[in-house]
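K.L.:
Here you go, one structure.
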Amino acid sequence: MEKPKFTPSALTSSRGALHMAQILVCVVTFVVGYIWGHPSHTYWIYSMVVWGLCPVISLVITIVEMFLIHKLILVFCMDWDDFTTGMAMMSSLCMFSCTVICANFYICWKCIWGWMITILSAVCCVLYCVEMFKDKCDAARSATYVAVLPGFIKILQAFVGCIILISLIGYVGKPALLWCIVAYAIPLPLTLLIIITNILTKLRKCLPFNIDCFSMIFLFISVLLYVSAAILWPIYSFRGNPRPKDCPGNSCVWSIQFVVAFMTYVNLGLYIIDLVFTCCGICGFKRSE
């Protein structure tokens, strides 16, 4: 087992340079967003968190690899290559969503700050996508869970769940829509728990229950919850509430409610695919024995 030691090659390699570029552009994006000081809408708060958190993750990964700490991590708890590829995937998705949000909500012909923040966010997205594709195409890197289809599906589920939660609006005084919020909120932390336990292989072995069996039960419950939300949210959001004639995408409650409805069906499809593939034990999905 190698002892931690400083390796400058972690910074001078193409991977290290890519991480430095990610950190630099993300920090600039965060600073520009902070200076702009846009009103605290949930979409804006989400974007600021992403622009602040992603460079921190890249910095931690760089420091770990620079001192070869990942060699110790590999021995004691998890597959480092799989983890970093998963972080690149999630960062790419989050940066893409931030870019779309900025382009839709904060950009106009005379909005220089809006154009600037959107372009910077797009550059961040490209940088993380480059890392993701480089990792996926590198045959020397291992792929045990997050970097293969079962883990990627889980990441998509968590990502779509986050987008739904930050888009919730117009539910006050409507018990059916409050139930939908519960249906959206329950699967998300459990999805993250399953991802973490599959990354931390030592933790998975120490659990007092079969994680594959737990995943099967969780998927079945998640499908039922999302089916109820897929029925109730459109009915109680749009019944007797047609799209207004003047409904700009950046300030229209109806449009945001439509985003929630659309993402509900997307995540329902992802959970159904996950459940069917897990039951059949195909494409790398593990069936509970």
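Cβ from N, Cα, C; glycine included.
What you are looking at is a predicted structure, and each value in this text was computed from that prediction instead of being measured.
Quick paste from TrEMBL:
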TRANSMEM  20-37  transmembrane segment
TRANSMEM  43-68  transmembrane segment
TRANSMEM  88-107  transmembrane segment
TRANSMEM  113-133  transmembrane segment
TRANSMEM  145-170  transmembrane segment
DOMAIN    145-283  domain 'MARVEL'
TRANSMEM  176-201  transmembrane segment
TRANSMEM  213-236  transmembrane segment
TRANSMEM  256-285  transmembrane segment
K.L.:
May I ask whether the transmembrane segment (113-133) has at least three C-beta pairs under 8 Å with the transmembrane segment (20-37), counting pairs 6 or more apart in sequence?
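P.N.:
They are in contact.
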K.L.:
Against which stretches of its own chain does the transmembrane segment (213-236) lie, if we need a Cβ under 8 Å and a gap of at least six residues from its ends?
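P.N.:
Distal contacts: 174, 176-177, 179-180, 182-184, 186-187, 190-191, 194, 257, 260-261, 264-265, 267-268, 271-272, 274-275, 278-279, 286-288.
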K.L.:
So which of 43-68, 88-107, 113-133, 176-201, 256-285 is most in touch with the transmembrane segment (145-170), counting Cβ pairs under 8 Å?
P.N.:
256-285
K.L.:
Check the transmembrane segment (43-68) against the transmembrane segment (113-133) for contact, please; criterion is three or more CB pairs under 8 Å, pairs 6 or more apart in sequence.
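P.N.:
Answer yes: the transmembrane segment (43-68) meets the transmembrane segment (113-133) with 3 or more Cβ pairs below 8 Å.
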K.L.:
When the pLDDT values for the domain 'MARVEL' (145-283) are averaged, what is the result?
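P.N.:
Averaging the confidence scores along the domain 'MARVEL' (145-283) gives 85.
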K.L.:
If I count Cβ-Cβ pairs under 8 A between the transmembrane segment (176-201) and each of 88-107, 113-133, 256-285, which range comes out on top?
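P.N.:
It is 256-285, which has the most Cβ pairs under 8 Å.
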